[in-house]
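Peer 1: Can you keep this structure in mind? I'll have questions shortly.
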Amino acid sequence: MPEPITEQAERVLTLWQGSWVAAFAVGILVWGLIIWSVIAHRKRSEQLPPQVRYNMPIEALYTVLPIIVISVLFYFTARDQTYLLETDEPADVYVDVNAFQWSWQFTYEKELDVNGNPVSVAGVPSTSKDELPVLVLPSDSVVHFDLDAPDVIHSFWIPAFAFKMDAIPGHPNEFQVKIKPGVEGDYEGRCAELCGFDHSRMLFTLRVVTPDEYRAWIEEQKANPQELPASPDVQEETPAPDQGQDTASQDAAAQDSSDSAAAAEEEDGQ
Ligand SMILES: [Cu+2]
């Protein structure tokens, strides 16, 4: 598991570790009983051992024990799910995430630029880190995400959040995280729902900065609104015969690893 950078991710990690501990405890007990019975009750003579059946206490135990195990797992899962999906806390930053074929647009809904439009960052499909859209967020802050998609179902996934949520056309989703202090840095973001031709290049970068740096970045964006790329065109599914598109289709056809695709991308840029 990646190092968790939100309080919610800490909770997910704890639940995951707890589940493994419980699974190993049950596993060791079961393996132990199997090995013990294989050794203690191995065949010693040709005589048939005493035949027993319908041991009520043991039959009852077979039913009661799994119910207890499942109840405990269910309790912790339900408790943590409720916590992870809470969106009541007032957030420091509100981000609209628009997932489209095949990139991301991040809109800071409360931050209006000089033209009166909310600050927004949009990307293009790529495997080269320089070209990916960057989601800038402050550390030590509560962030609220509203997810939407205009075309097909995508899934907003930041592995360091230990969390993903679908972006579904016509069904807005939302969640909140509390980013921990001192976790400034770049983290990977991905689409986690197979969404078509360029799904594998539907990547983004999460950049966590200090709250002061975040404020400075937002002010700069407000003063110099980013020139957004033309809105995504669904008809691009049939690649046009220009060079950039060709590379994209070759990449997809060859199902290159992201490394070699990135290399191809770099060669292309030079
Ligand atoms: Cu997608």
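Each residue's number is its place along the chain shown, starting with 1.
Including glycine, each Cβ sits where the backbone N, Cα and C put it.
From TrEMBL, for reference:
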COMPBIAS  242-263  compositional bias 'Low complexity'
DOMAIN    1-88  domain 'Cytochrome oxidase subunit II transmembrane region profile'
DOMAIN    90-220  domain 'Cytochrome oxidase subunit II copper A binding'
REGION    220-270  region 'Disordered'
TRANSMEM  20-39  transmembrane segment
TRANSMEM  60-78  transmembrane segment
Peer 1: Tell me, what is the mean pLDDT of the domain 'Cytochrome oxidase subunit II copper A binding' (90-220)?
Peer 2: 93
Peer 1: With DSSP as the yardstick, break the domain 'Cytochrome oxidase subunit II copper A binding' (90-220) down into helix, strand and coil residue counts.
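Peer 2: Each residue of the domain 'Cytochrome oxidase subunit II copper A binding' (90-220) counted once, the result is 19 helix, 69 strand, 43 coil.
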